[in-house]
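**Student:** Attaching a single structure in structure tokens format; questions to follow.
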Amino acid sequence: MWMLVPIAFALKLLNVFLQPLGSVWSSLGPLFLQLRAASWLAGGERSRPLQDRREAGEPGRAEGEDGGDLPTTPTSVNYHFTRQCNYKCGFCFHTAKTSFVLPLEEAKKGLLMLKEAGMEKINFSGGEPFLQDRGEYLGRLVKFCKQELQLPSVSIVSNGSLIRERWFQKYGEYLDILAISCDSFDEQVNVLIGRGQGKKNHVENLQKLRTWCKEYRVAFKINSVINRFNVDEDMKEQITALNPVRWKVFQCLIIEGENSGEDALREAERFVISDEEFEAFLDRHKDVSCLVPESNQKMRDSYLILDEYMRFLNCRNGRKDPSKSILDVGVEEAIKFSGFDEKMFLKRGGKYVWSKADLKLDW
């Protein structure tokens with residue numbers, strides 16, 4: 001049927017040019033509108049952008065017309081833009097193997113590409129993200145993502161030791177969530193783990209950051225890695241007092257080449273706990289309403305991790321295998337090698353109320 005459209009259009013166009021010149025222009029407009037409508041109908045669903053089809057209810061890995069999968073949507077991305085850190089946590093699984101950090105404009109270019117591919121949430125991590133240019137590099141990325149890309153959620157994971165109030169004054173309005181890593185409320189345990197700050201007290205600093213988050217209207221979150229040195233600790237009282245929007249509790253994870261093996265910068269084997277020990281910790285804290293547990297099984301394939309070169313890291317085989325950079329091959333091609341399990345992402349609660357505008361917090 002649609003093969004007749006070009007023929008009919010050609011005949012009408014010929015007829016137009018046989019008319020006097022004054023009538024030509026008044027006749028061309030309706031003809032082109034007719035052709036555009038015909039082309040849209042012929043294209044049908046195929047003419048609609050991928051993001052529009054997803055918004056209509058089609059899943060991120062829906063089957064395409066040729067039987068293949070549609071590209072994965074990078075809804076939530078963790079961008080580890082630096083590997084450098086001022087702590088030496090023994091179980092760290094993203095260690096300082098390079099000192100590379102992308103030029104700011106290149107990083108912005110990649111973030112724009114991710115937004116165009118469907119990204120809604122960006123989480124900046126490291127290493128320690130506040131280490132680069134004393135937090136200025138991070139602050140500019142945060143502002144860019146919220147103000148120019150208008151992402152629903154912009155978050156940071158930090159050890160908190162380098163954050164100053166002036167950073168909140170300058171960039172706090174653009175940040176939705178600040179997650180601070182705190183594995184213990186016993187300062188001696190923090191020293192054993194590698195979170196020691198010399199004369200600074202990690203727990204006291206945590207309380208100061210909580211106050212700043214409230215003052216500058218940033219949602220406050222705590223991340224804890226449960227390991228051999230804190231697995232028997234009872235944190236209910238302290239977590240309840242700090243009242244974070246989420247308390248993310250991770251089981252200590254082994255990643256070959258990062259915290260285990262010949263080429264690793266850490267030896268995390270002595271920190272590892274069993275699944276049963278992790279479950280016992282969770283059971284002890286089951287009455288903490290903000291608790292969000294993540295076992296090794298839930299963690300491994302349910303995060304989209306972007307490294308300092310903007311390569312997706314595939315952790316499916318217990319190590320980090322990088323894709324090519326999205327800056328070189330684009331998001332759709334690079335994400336094919338991410339090993340991302342979208343079902344597990346949803347199962348672990350990866351999609352939640354992550355914009356401070358929607359959290360309705362009692363500041």
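Placement of Cβ uses the backbone N, Cα and C atoms for every residue, glycine included.
These figures come from a predicted structure and were not determined experimentally.
In case it's useful when we look at the structure, here is the feature table from Swiss-Prot:
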- 46-73: region 'Disordered' (REGION)
- 46-64: compositional bias 'Basic and acidic residues' (COMPBIAS)
- 71-291: domain 'Radical SAM core' (DOMAIN)
- Cys85, Cys89, Cys92: [4Fe-4S] cluster binding site (BINDING)
- Lys199: N6-acetyllysine (MOD_RES)
- Lys208: ubiquitin cross-link (CROSSLNK)
**Student:** Taking just the CA atoms, what is the gap between Cys92 ([4Fe-4S] cluster binding site) and Lys208 (ubiquitin cross-link) in Å?
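**Tutor:** Between the Cα atoms of Cys92 ([4Fe-4S] cluster binding site) and Lys208 (ubiquitin cross-link), the distance comes to 24 Å.
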**Student:** Using Cα coordinates, what distance in whole Å links Cys89 ([4Fe-4S] cluster binding site) and Lys208 (ubiquitin cross-link)?
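**Tutor:** So the Cα of Lys208 (ubiquitin cross-link) lies 22 Å away from that of Cys89 ([4Fe-4S] cluster binding site).
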**Student:** Among Cys85, Cys89, Cys92, the binding-site residues in question, whose Cβ has the most other Cβ atoms within 10 Å in this structure?
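**Tutor:** Sorting the candidates by Cβ neighbours within 10 Å, the top entry is Cys92.
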**Student:** Give the sequence-ordered list of residues that share a chain with Lys208 (ubiquitin cross-link), lie 6 or more positions from it, and have CB atoms under 8 Å from its CB.
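**Tutor:** When sequence neighbours closer than 6 are ignored, Lys208 (ubiquitin cross-link) has nothing within Cβ distance under 8 Å.
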**Student:** Under DSSP, is Cys89 ([4Fe-4S] cluster binding site) part of a helix or a strand, or is it coil?
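**Tutor:** DSSP call for Cys89 ([4Fe-4S] cluster binding site): coil, neither helix nor strand.
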**Student:** DSSP three-state call for the residue listed as 'ubiquitin cross-link': helix, strand or coil?
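**Tutor:** Where the residue listed as 'ubiquitin cross-link' sits, the three-state DSSP reduction gives helix.
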